[in-house]
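The structure appears right after this line, and notes come after that.
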Amino acid sequence: MDTEQDAKSEERQQWKLEKDTELRVEVAEGDREAIIVLLSGNAEVFGTELVKNKKFTFRPGSKLAIFTWQGCSVEIQGPLEVAYKSKETPMVMYLNLHMALEQMRERADKHEAVELGPRVMVVGPTDVGKSTVCQLLLNYAVRMGRRPISVDLDVGQGTASVPGSMGALLLERPADIEEGFSLQAPLVYLFGHTSPSPNEKLYNMLSSKIADIVFQRFERNKKACASGCVINTCGWVTGMGYRIIVHAATAFKVNVIVVLDQERLYNDLKNQFGDKVQIVHLPKSGGVVVRSRETRRKVRDERLRSYFYGQQANLYPHSFEVKFSDVKLFKIGAPLVPDSCLPLGMDQGQNETKLVPVVPTKDLKHCLLAISAAESLEEDLVQTNVIGFLVVNEVDLDREVMVVLSPAPRPLPRKFLLLSEIKFMDFK
């Protein structure tokens, strides 16, 4: 039975956890952080081990689960919305899944020829813990000495970079408990929306492009090849959402699909792929918190703020003017027009991935811009990765300049910029 302490407590609290027990914690909103210290035993947070007697700081609104396999004692100081223990946790099932994937990696290791390790896709509706399960599986793999690739197709949260982006990252160390996986040198593409719905064709095109790059990495890196990849997906699982799941599963040649919570999706995918793909149905954790639309918006804003200022506000972004004449601004996707108005031989799908020049206006204020890695228009800007992001803080049409917030000082490394529908108001 769960024991709960539901009070915004400021005092220092100690918790003693028995083996196979989880302490679920929600830090209160506001301006006070919570500090967690492992006093004895062993414990982990989403697959990353806690270091004994080290202070870990969690920001207001943080939600985490401290799990122990053998038992432990932890101390928490700071304002908590909720803190309770539970022995009803799917962690043993998640560990069994990891061990099955590890056996696949061992088989791939033994082949002298290049043998692909597990390509795992985690799917399910919103708020079932997909990102957490992906983080667990990746952390466990890295702790075994593997080098898996983390693939993020969830444009709503954008854990590979910023919301509205898709990407992949080769992992060499477990996620930092406070800051997550190190995002040095990720492969990132701009989708530009927080849901796949505005542009299914572009979403599928970028999924396929990332899959191609991942397989190229597998060919060059035998360790990464045997380690495989773990793919996080959006929480849309019906209609177009289901179609993009199937497309991504095919593009990445997935051999394991983990379905969290929803039996209907599990059965649909079993019928779709038959015996070609192992479909695994797992329960969601009881600690998963349902997020409101407002909460999701706040998380996206915090993600963008962290990109420019750092998780602990330890980065100092640069603000400077950029002349309109020094850059070329585009957006991906032209407005839909009646089929009768399209040029001969063209379909609506081509409009969805068309590169459209953008004339700077006051509407650019607060917009997120991606810096394309392309050096000329002869390259396909739509399918070229991006190397960074800017936010437009001001637009001066008389002087033909815009003031941007940038992680790096001037000058800009490239001149081709892609417009996103994501907006960020920098009140720092």
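Our numbering is plain: 1 for the first residue shown, then up by one each step along the chain.
Just so you know, glycine gets a Cβ as well, placed from its N, Cα and C.
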For the ATP site that Swiss-Prot assigns to E22, D127, V128, G129, K130, S131, T132, which of K52, K54, K55, K63 is also named? K63
E22 (ATP binding site) falls, by three-state DSSP, under strand
Check each residue in the chain of E22 (ATP binding site) that is at least six apart in sequence and keep those whose C-beta is under 8 Å from its C-beta; list them in sequence order. A65, I66, F67, T68, K85, S86, K87, T89, M91, S285, G287
Rounded to a whole number, what is the top Cα to Cα distance in Å among the residues the record ties to ATP, namely E22, K63, D127, V128, G129, K130, S131, T132? 19
At a 10 Å cut-off from the C-beta of K130 (ATP binding site), count the other C-beta atoms across all protein chains. 26
